[in-house]
Amino acid sequence: MIQVSFGSHLVTMDQPLLAGMAVVRGCCSLRNLKAWVPILSWLPRYNIRWLQMDLLAGITVGMTTVPQALAYAEVAGLPVEYGLYSAFMGGFIYSLLGTSKDVTLGPTAIMSLLCFSVVGGQPHRAVLLSLLCGLIQAVMALLRLGFLLDFISFPVIKGFTCAAAVTIGFGQIKNILGLHGIPSQFFLEVYYTFYRIPEARIGDVILGLLCLILLVLLVFMKATVDPGDSPDSKYTRVSRKLVWTVATMRNALVVVAASLIAFSWDAYGHHVFTLTGETSQGLPPFRPPPTSDTTANGTIVSFGDIVKGFGEGLAVIPFMGLLESIAIAKAFASQNNYRIDANQELLAIGVTNIMGSFVSAYPVTGSFGRTAVNSQTGVCTPAGGIVTSAIVLLSLAFLMPAFYYIPKASLAAVIICAVAPMVDFHVVAKMWRIRRLDLLPFAVTFLLSFWQVQYGIIGGVATSGVLLLYNVARPQIKVLIHHDISKDKVNLISLYMVTACTRVIPESLPPSAASPRSVVLDCHHVSTIDYSVISELKDLLRQFKLREVELVFCRLQVRPSDITVSLSIEVMARRG
């Protein structure tokens, strides 16, 4: 006889096969299916108003996505078309599996920098990296390992984002100056950029600075204009909405204007700008990602050697992708008053990267800037991402020849303005006021990231872990005031980490001559008892026995029998 439980229902089966079928039916119930495929929850309620708002948001985000995708491909060291290859799969997959109406998946500055640091601008390896990252992320979602992201502390995240912004932003100075052949390693890049300033192309410098100034002005215009409803006249509301829309699509407008200028000069035979140049035409082929690569001298690199070359990047990139996207989803869910499923978000990102690798995409994650635009435009469902993806596909199908004339200086200006808000050194002052020790993992992450970004994250996480373990191993033990309980002197000690405290407690007691007759351990924060704890308690009891001190457990969260049976002694236990 077999009994299978589904929530409040208990099913009795006479045959194991029937029980297995019941389990399968339980997993495939409509409720579970909606949890795995969230589109089934909101699609039946879809209406005309939602369609209108999703179309508006999708088009607006699409106009932002195209120029940013081209620019972020430059950060990843890949041909610009790979940015667009990476920008459309997320909209389709996330509309099926995502639980946030606002989040948009695609290439970002941080993921592009991480990708470049791991694959060094090699397209085939970037695509394979996307597949492996997606598999890792999907497995983490299925095993519900999202809690591992909690081990990346806030100082580490801030240190990394600040260093990444400086690295990415300075890396675009060479394109503003029109310089070529600058090393990619940060310190060498800084040296040779300044060393070769006399070689700067005046056309690129002027155009790049004009693009930067225009983008900054449009950013300030957007910050000062409220596109929402107001008691002003209809003309004023329409004007504000128009200004806000223009400022929101500033990247596309600046890139288009710069391209027209470059085309005009080029038509008259004046090649004064560094252009993007030839790009692959049309949509990417749908094919499995390559499992081998060929070097410039014809040497074939096997799958194992490629994966070995990824090194620690294969752990850092999936984690950072998940961390960035989950943080964005939680922020906008809180802002707009709805709930998300963190593990489902992990699954959506993982499947996006897996499927993206079949269309030559490199690893993607949630974009804070484009998600903010999506939310502010009034998107109602994840279907807005489908519209955005359609715009990217149309660009790939019909606009690739026009991308030839995009000046690299204009893309550099777009990138610099996108990463500038990530530099937040005000957080240093906040950490100094709250807990100065947090500056250590921040500084380690920030400085090591200039050497290799993945080393910065690993070093920061390791430093945070050491600080955490130090606090656990050296807890603050306070011996409180003596109380008279049945005429016995008692020292009350608050116990947070048993294993560490058992070494510290004897040192906290007075000398033998003034030793108390009893010690009360406040076990309110002790949730589990394992073999290590039992071993340490045995040693503590041995020391107390020599000093004729009685040990009393107070406010136990575990059964007293778990302790008494394991220690094989008589222990006075008191709950309360």
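Placement of Cβ uses the backbone N, Cα and C atoms for every residue, glycine included.
If you look up TrEMBL, you'll see 51-445 marked as domain 'SLC26A/SulP transporter'.
As annotated by TrEMBL, transmembrane segment applies to 55-73 (among others).
As annotated by TrEMBL, transmembrane segment applies to 79-97 (among others).
Per TrEMBL, transmembrane segment is recorded for 104-121 (among others).
The transmembrane segment annotation in TrEMBL covers 127-147 (among others).
Per TrEMBL, transmembrane segment is recorded for 159-182 (among others).
Feature annotation from TrEMBL assigns transmembrane segment to 202-221 (among others).
Per TrEMBL, transmembrane segment is recorded for 242-265 (among others). Long-range contacts of the transmembrane segment (242-265) within the same chain: residues 60, 63-64, 66-68, 70-71, 203, 207, 211, 214-215, 218-219, 221-222, 225-227, 271-273, 275, 373, 376-377, 402, 405-407, 409-411, 413-414, 418, each at least 6 residues beyond the stretch ends and with a Cβ under 8 Å from a Cβ of the stretch.
Under the heading transmembrane segment, TrEMBL lists 313-333 (among others).
The feature transmembrane segment is assigned by TrEMBL to 345-364 (among others).
Through the fold, the transmembrane segment (384-404) approaches residues 53-55, 57-59, 61-63, 65-66, 69-70, 80-81, 84-85, 87-92, 94-95, 98, 101, 104-105, 259, 275-284, 374 of its own chain, all at least 6 residues removed from its boundaries and within a Cβ separation under 8 Å. Per TrEMBL, transmembrane segment is recorded for 384-404 (among others).
Within the chain carrying the transmembrane segment (411-432), a Cβ under 8 angstroms from the stretch's Cβ atoms is held by residues 67-68, 70-72, 74-75, 80, 109, 155, 158, 161-162, 164-166, 168-169, 172-173, 175-176, 208, 211-212, 215-216, 219, 251, 254-255, 276, 369, 438-439, 442, all 6 or more beyond its ends. Summarising the annotation, TrEMBL assigns transmembrane segment to 411-432 (among others).
Residues 113-114, 117-118, 151-153, 155-156, 159-160, 163-164, 167, 311-313, 316-317, 319-320, 437, 440-442, 444-446, 497, 500 of the same chain sit 6 or more residues outside the transmembrane segment (452-473) yet have a Cβ under 8 Å from a Cβ within it. Annotation comment: TrEMBL describes 452-473 (among others) as transmembrane segment.
A mean pLDDT of 69 is what the model gives for the domain 'STAS' (507-560). Marked as domain 'STAS' by TrEMBL: 507-560.
Within the chain, the transmembrane segment (104-121) has long-range Cβ neighbours (under 8 A, six or more residues past its boundaries) at 61, 65, 68-69, 72-73, 75-78, 83, 86-87, 90-91, 93-94, 129, 160-161, 164-165, 167-168, 184, 310-311, 313-314, 316-317, 320-321, 324-325, 348-349, 352, 362-368, 370-371, 374, 384-385, 388, 415, 418-419, 422, 452-454. Residues 36-39, 65-66, 68-73, 103-107, 123, 126, 130, 276, 279-280, 284, 344, 347-348, 351-352, 355-356, 359-362, 364, 381-383, 385-390, 392-393, 395-396, 400, 403, 406, 411 of the same chain lie 6 or more positions beyond the ends of the transmembrane segment (79-97) yet place their CB under 8 Å from a CB of it.
Most Cβ pairs within less than 8 Å of the transmembrane segment (159-182), among stretches 55-73, 202-221, 345-364, belong to 202-221.
With a threshold of 8 Å between CB atoms, the same-chain residues lying at least 6 positions outside the transmembrane segment (202-221) that come near it are 175-178, 243, 246-247, 250-251, 253-254, 258, 261-262, 265, 272-274, 407-410, 412-414, 416-417.
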